[in-house]
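J.: The following block contains the structure, expressed as structure tokens.
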Amino acid sequence: MNATLLQQLAGVVALVALAWVAACAETALSRVSRFTAEDAVREGRRGAERLLVLAEDHTRYFNLTLLIRMICEMGAAVLITVACVGGVRPLWRGGLLAVLITVLVSYVAIGVSPRTVGRQHPLSVSIAAAAVLVPLARVLGPLPKLLIVLGNALTPGKGFREGPFASEAELRSLVDLAEANAVIEEEERRMVHSVFELGDTIVREVMVPRTDMVDVEQHKTVRQALTLALRSGFSRIPVIDGGQDDVVGIVYLKDLSRRVHISRAAESEPVSTVMRPATFVPDSKPAADLLREMQRDRIHMAVVVDEYGGTAGLITIEDILEEIVGEIADEYDRAAPSVEPLPDGAFRVTARLPVDEFGELFGLEWQDEDVDTVGGLLGKALGKVPIPGATVVVDGIRLTAESAAGRRNRIGTVLAERVPQEPSEAPDGRDDSLDDDGAAPAGDRRDGAGADADGTPAGAGNSPTGHHR
């Protein structure tokens, strides 16, 4: 073995070792964020300050390690090729041997081994790498950035992205992975997803509808408004002038209490003397934007108006926050479950349950632009206002209106059960579910009527009252 071959082998070993270190640092840096570096500084780890400098310009130093690895890897491949071609005859055998050795070294010594170490000890490796990369970047100056600019110029699209995530979907999948590996709790994962979903949520999906509003007319006295607030448990009540489409203000329980406390004679004053101006928002406004406006303007309630200018409902800052953290119950909230499984496999659900959540109970996907709730689905299928006992089958699910509540006798709960699959035709080809005249047998006809005997729709009558925060 001559001196030239020994020098070539020594060069290969040195370059492979440097490439190993660069590949290890490259993998470790991809797993260390600025927050990790800040934690290391607070813990007083040696060399953490340099790691923080590296984390502030992560792209620059990451590409520097990539450049070092590629130079070393390509240099080692060239030396291996020269040594094999010069020492093995015929030429094709030397070339084939060089390819085999290069692939083996590149895959094992540079591809697998260092990356495994970098994944196992990301912080320690990154701190050690920062001690070399930070001064080396000063020596090389703008060279790494020039190479990045050149690479981006030759790359279609936007070039190298700044940051670890290219899309919201990547970040959400990372959150799911963190929950699967017990890094975060399931409730934390759900909360993070809710933050993203809030950006796609509009006010109409979160608001309390006008049918559930508790309001007071402006000519009512302070005493009457105070009594209504105490009985309903709501600290903010809209003030109307004749009808719910004409909201003129919002009255606060604390304002009513203060006025009565200062002067007992104020009990006979009209509520309009203590009400505050109302804030109006369109029902198509993004809920996230409204939340920021409520925080900025320090308001807790807004009146939602539809495209025709009528009152669609109310929304509070608590309603929006519940979209992120879940239901916030207070001493006035009744702990009635929205879904109650029954022993026979059926479900008792509230009429306000969203249809998509209802479909999940039976493994169905309902996309209906006309209705949002189970009560709306029942009414649409019946074609009339449902009354207790009204039954209809929708996509193999039997819906039965149960209890009614309120002055309008609106349906409160619905019984849902899967209809057993039965043959639709008899052996002779006739449909057993029909009489000879084509009508349904009397025993199978269900009362789906939604009106009283005199033809008046059930629940017609006085204006509704309900609940809102």
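Heads up, the Cβ atoms here are built off N, Cα and C, so glycines get one too.
The domain 'CNNM transmembrane' feature in TrEMBL is assigned to 1-188. For 61-84, 91-110, 122-140, the entry in TrEMBL reads transmembrane segment. Among the features that TrEMBL reports, domain 'CBS' is placed at 207-267, 274-331. The region 'Disordered' annotation in TrEMBL covers 412-469. What TrEMBL lists as compositional bias 'Low complexity' is 450-461.
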J.: What parts of the chain pack near the transmembrane segment (91-110), using Cβ distances under 8 Å and only residues at least 6 beyond its ends?
T.: 12, 16, 19-20, 23, 69, 73, 76-77, 80-81, 83-85
J.: Let me know the model's mean pLDDT on the domain 'CBS' (207-267).
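T.: A mean pLDDT of 89 is what the model gives the domain 'CBS' (207-267).
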J.: When the domain 'CBS' (274-331) is classified with DSSP, how many of its residues are helical, how many are strand and how many are coil?
T.: 20 helix, 16 strand, 22 coil
